[in-house]
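Here is what TrEMBL says about this protein:
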{"type": "BINDING", "residues": "K3, D4, K5, V6, R7, R129, I130, G131, Y132, G133, A134, G135, F136, Y137", "note": "ATP binding site"}
{"type": "BINDING", "residues": "M47, E52", "note": "substrate binding site"}
Amino acid sequence: MNKDKVRKQILNKMEGATQSDQKFFDLYVELFHLSEWNHAEIVATTMNTTNEIPTAPIIFKALGEGKRVVVPRTLPNHQMEFVKMDHNLVFQQTRFGIWEPVAGSVVKSDKIDLMIVPGVAFNPQSKQRIGYGAGFYDRYLSHFKGYKVALAQEEQIISALDWEPENFDVKLDQIIYRG
């Protein structure tokens, strides 16, 4: 199967999936117990979309622990940068339905300690992911040196690598999920 077929199949499964607060809580607890979380000063995460794991609890926990939180803003040519979240940050919805900052203080990739990477499908054994198809994260992660972790719902886990990774696909350091 190719990436597009896997992506379409998983997105269809996600539309009908029930989302459980307890399931998410278990993922958050595991994330918050990582030594990489505990040592991180700057955490990168997204503003989740409807079918994704909610990121607000992650943001609130990080801020409550005195960490700085950065969120992505897309740029031309499938590039992106991360902007420091603060009370003055203004968001707008992109054509993809993703909320991102309009402006703000950009944080360079070498300053980010931990990145929570979104995706459509994940293989925990190979630590590969399939994103939404535009390549924003693969481009950014190709030069990112911090810890890369994803939180995944059961429906997003693929036990066998059902696609051929491409040379630009970047492996994650860890995938947290409950089956």
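Just so it is clear, glycine is given a Cβ too, placed from its N, Cα and C backbone atoms.
Recorded features from TrEMBL, shown on the structure.
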residue: K3; record: ATP binding site; Cβ neighbours (10 Å): 18
residue: K5; record: ATP binding site; Cβ neighbours (10 Å): 11
residue: M47; record: substrate binding site; Cβ neighbours (10 Å): 19
residue: E52; record: substrate binding site; Cβ neighbours (10 Å): 19
residue: I130; record: ATP binding site; Cβ neighbours (10 Å): 21
residue: Y132; record: ATP binding site; Cβ neighbours (10 Å): 15
residue: A134; record: ATP binding site; Cβ neighbours (10 Å): 12
residue: F136; record: ATP binding site; Cβ neighbours (10 Å): 19
Nearest of the binding-site residues (K3, K5, I130, Y132) to M47 (substrate binding site) - Cα to Cα: Y132
DSSP-derived class (H/G/I helix, E/B strand, else coil) of F136 (ATP binding site): helix
Secondary structure of I130 (ATP binding site) (DSSP, helix/strand/coil): strand
Rounded to the nearest Å - Cα separation of K5 (ATP binding site) and E52 (substrate binding site): 19
Rounded to the nearest Å - Cα separation of E52 (substrate binding site) and A134 (ATP binding site): 17
DSSP three-state assignment (helix, strand or coil) for M47 (substrate binding site): coil
